[in-house]
Every structure is written in C-alpha cells, then in structure tokens.
Amino acid sequence: MKQLTLSNLIGRCIVSCMLVLLTQLALSLVPRFLSASSLLIQLPLSALLLLVVIGLGGRIRRVLGVHASAPAFVFFSILFVWCVYVLVIRKAAVSHVMDVVFNGEVAILIIGLCSILKSDPGLEMYGSSEDRCIEDSTSGVNSQNQELELSDSFLGKRVRHCRSCKAYIRGLDHHCPAFGNCIGQKNYILFVILLVGFIITEGSYVACSTQFASKFGIFNGTMSETSLFANLAVSTTTFSILQLVWQVCMLPLDNFTSFCKLVYPYED
C-alpha cells in the first residue's frame, strides 16, 4: 500500500483542514442570507453549494498541485461539528444526559475512524506459497471500481486486487476513500459498525441542534441570535442532515462506494 512521508502527510492534513473550513464557512452563508427561510428551502441550496465548493476545491488543488486526504477531511469535519456543538449548542439547549451521550458518540467515532485506518482488510502477499494457487478468473478490470478479481481455487475464497492500494485483498468488498482503506474480509464488520455510528452520531447532533433552533426561533422567522456562531449552528445542522440522507439512501455498498468518490474526491 502507498506510504507517505511525514511531511507529505502533514501537508495533506493541512490542506484537508483548510478545505473543511472553506466548506463550512461557505455553508454558513445560506442561513446568513436566508435566515427567514425554512429548513426545506435551505437544505437543497446547501446541497448545491456543497457540491460547488467541493468541485472548486478539487480544481484549485489540481491547479496548485497540492494534495488532500479524504480521511483527514472526514476527521476535521467531525472536529468542526463538535466544536460548534461545544461552543454554541451545548450551552444553550442540551441536557446533561444528552451532552454525555453525544460526546461519547463523537469519541467512539474518532476511535473507530482511527481503527479502520490502521485495520488489516485481509492483505495477501501475492506470490506466497498459499497464493500461488490463485489464478486469474476474469483477465479483465471492473471499470467502475478498477479492481481486478482473482479466484483462489485451492481455498475457495475470493482475492481481489485494489488499484488504489496496489494490494491483493482477501474478500475485498470495495476501496473506501472516506476511510482511507480497503474494506475486506477482516474489517468489513468494523466498517458497517462505523457507518452506523456515523448515522447515529449525526442523528444525535441534528436532535440537539433542532432544540437550539427552536429555542431561538431560527426557522420560524423570529430568530433572536444572528451571530456567526448561530449561522454555523444552522449550517452544521443542514450539513449533518445531508450526510444522514446520503448515508442512509446509499447504504447498499455499491451505491455507497460510488457516492463516496463524488463526495470525498481527495487522494488518500
């Protein structure tokens, strides 16, 4: 698998952090200028703006010749939402029990993200005594996910080659750019648990931020809080809702993988 030097890794993390800040600040413009609009109006506009910002960010990176990291983008997005929760939402409208639950969910989510980054998906050293039994069963490449599929005739188990990682993975399901790793026989269950964890955590944040919005009359035209923090509270709510929608709708893994490549078009 591709290894990065420390300086390259730090550089990609810095670029990813800047992209997260740019994305979230751009999303905060929607409630800033459409504060009297309902959530149903702000959601599609936020989705369109999100795609535009991500697309422009990708083009600017290519022009400047800099690289970003999809897992770092995910991590800094979690961190940004959590900071807004701590600085704005928690102080205004969250019970002690809900506060403990949400902070625990965020902590588990970060641990899970780090775990799947380091997890072994089922790496096979092609050319070992066991893998000499592997024969090319397709002699073709799947154009959608660019993975070459092989068949282990001796063990009756599937081994596939991932071009993103340049490695042979036993039981490979797909390469997940958002989590920066292949999803295979050994980490598939962790992947599903982590995906469900994202859905639960985002749902909890939406519940907390909805209480904040109701308290300050944000979506009924009587908004009493118009600061940048309040706008960020609303924009992170719409961001979390959009994440929930595509994660739930794209939960079948073929759709999830394709959409991941659109939402997280950054190099690992």
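Cβ coordinates come from backbone N, Cα and C, glycine included.
What TrEMBL records for this protein:
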TRANSMEM  9-27  transmembrane segment
TRANSMEM  33-56  transmembrane segment
TRANSMEM  68-88  transmembrane segment
DOMAIN    157-251  domain 'Palmitoyltransferase DHHC'
TRANSMEM  188-207  transmembrane segment
TRANSMEM  227-246  transmembrane segment
Grab the same-chain neighbours of the transmembrane segment (9-27) for me: Cβ-Cβ under 8 Å, and only residues 6 or more beyond its ends, written as numbers and ranges.
46, 49-50, 53-54, 57, 61, 66-70, 72-73, 75-77, 80, 232, 235-236, 238-239, 266-267
How do the residues of the domain 'Palmitoyltransferase DHHC' (157-251) split into helix, strand and coil according to DSSP?
50 helix, 16 strand, 29 coil
